[in-house]
Amino acid sequence: MHMSKSFLLISMGLASISVHAQTLTRDNGAPVGDNQNSITAGENGSVLLQDVHLIQKLQRFARERIPERVVHARGTGAHGEFVASGDFSDLTLSSPFAQSGKVTPVFVRFSTVIHSKGSPETLRDPRGFATKFYTDQGNWDLVGNNLPVFFIRDSIKFPDMVHSLKPSPVTNLQDPNRFFDFFSSQPSATNMLTWVYTNLGTPASYRTMDGFGVHAYKWINQKGEVNYVKFHWKSQQGVKSLRPAEVTKVQGEDFNHLTNDLYTQINAGNFPKWDLYVKVLSPKALSKLDYNGLDATKVWLDVPEKKVGTMTLNRVPDNFFLETEQSAFAPSNIIPGIEPSEDRLLQGRLFAYADTQLYRLGANLFQLPVNSPKSPVANHNQDGPSNNSTGLGNVDSLDVNYEPSRLVNLTVDKQARAVETPLSGHVQQQAIRNPRDFFQAGVLYRSLSEQDKADLIHNLSGDLNKVNDAEVKAIMVSYFYRADKEYGTRLAKATDVNLKQVTKLASM
């Protein structure tokens, strides 16, 4: 019989595939005999409960999902490295900034904030910019956004704010009537609303947006000296956003544009870079600001920035769920030389972010590879679901799960002790002094180009015009009028709100 050369090659190829094929197994490692047909009682009989492969397959399928993040649900991540641009040990004893050229591995997760996991990435929203530094002192998480401020200054309002921005419990639709009703009683949101309704609220790509730590943090040096700092990631790709017409066009073509762009560019070797800058203020200088420097609704105006390093993202995750979805960020993940400030919003986030990760991933989340520190972990935390650690990991210490012990000498690092902070006053429950809710929104508005101002009015009035309550609409316009008269006047015209009513409300 004559066989063609091509037929022989195909046959040899199939044989090769057969020889090297991996056997399909169940989770217990046992081989699967048939993955196409269930076990039945006869040709047309019922499926048998003894079909353990079928049962396990369905059980595992039903348990594939973990709880969605309550905020920042839609996200994408990438690996990379941070390289210090100098020696900043005079300011902080944290290792990423200890010497020029110091390399620290990082994992970054970008995200939308309010919208759900499968939502379009074109929707207007702040964008999360969370960076996990795998330092030799432990993991440090810088958990920020692409905008420098936030809607509220006290974490006690965070659940209310998120509830107002999330879909209605009745219709399951996001509704401007709900969130502007909330914001009409929160003048502190004026600055952030101005930021998010500029075109920065619809970035063209994750590569072309800046990032901010939002809050003030403390840097502590070897001498125990304290300075307050704010962090700013500056994109080397420049900042590019989508204008209103572009948003509509992009959403119609690809509502995953942010993820697609990041993956495509990194896989093509076009690695995005960000320079990290810090603003530094001594406690005395912070106290002299004419607004509260610990207020998360404020930018530190006219404070110079200092470059401290550059981050490069150079690898996308091998598996989205294992790395991006299971990555867990929390501002409470800090290292020696960095401490939280007294910012009231940050103080609440220290608890809330860590707690929500425990809810999503369980008590042993730090054993997941993406969350596991590169530095050694030694403590007496034990057990819990999916635990695969023996704590200290030392055979000689397996029986000792407490401290102190004469059997196992587990020491502490005094450099990691909390810095001494002088306190005065009384326990109280009061709003901050000197809130100055409107002036920075005016500064931002006046800094915009005429085109950006027009887009801001278009974007903001588009949602305000969906508000049915005339009083809520007028109050909101009055806030923007108090920020800048031109801003408020143009917005009143675009929303058909009586300007006399606006000026009256603004003067109250």
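The count begins at 1 with the first shown residue.
Backbone N, Cα and C atoms are what each Cβ position is placed from, and that goes for glycine too.
What Swiss-Prot records for His72 (among others) is active site, and it gives sequence analysis as the kind of evidence. Of all Cβ atoms in the protein chains displayed, 25 besides its own lie within 10 Å of the Cβ of His72 (active site). The DSSP secondary structure for His72 (active site) is coil.
Secondary structure at Asn145 (active site), as computed by DSSP, is strand. Cβ environment of Asn145 (active site): Val113, Pro126, Arg127, Gly128, Phe129, Gly211, Phe212, Val214 lie under 8 Å away, each six or more residues apart in the same chain. Under the heading active site, Swiss-Prot lists Asn145 (among others), citing sequence analysis as support.
If you take the C-beta of Tyr353 (heme binding site) and look for same-chain residues 6 or more apart in sequence within under 8 angstroms, you find Val143, Phe329, Ala330, Pro331, Ser332. Residues or ranges marked as heme binding site by Swiss-Prot: Tyr353.
According to Swiss-Prot, the compositional bias 'Polar residues' annotation covers 373-392. Within its own chain, the compositional bias 'Polar residues' (373-392) is flanked in space by residues 105, 134-139, 362-364, 366-367, 398, 400-403, 408, 410, which lie at least six positions past its ends and keep a Cβ under 8 Å from the stretch.
According to Swiss-Prot, the feature region 'Disordered' maps to 373-396.
Sequence annotations record features per position, and here Swiss-Prot assigns signal peptide to 1-21.
In the three-state DSSP classification, Tyr353 (heme binding site) falls within a helix. DSSP labels the residues of the compositional bias 'Polar residues' (373-392) in these numbers: 0 helix, 0 strand, 20 coil.
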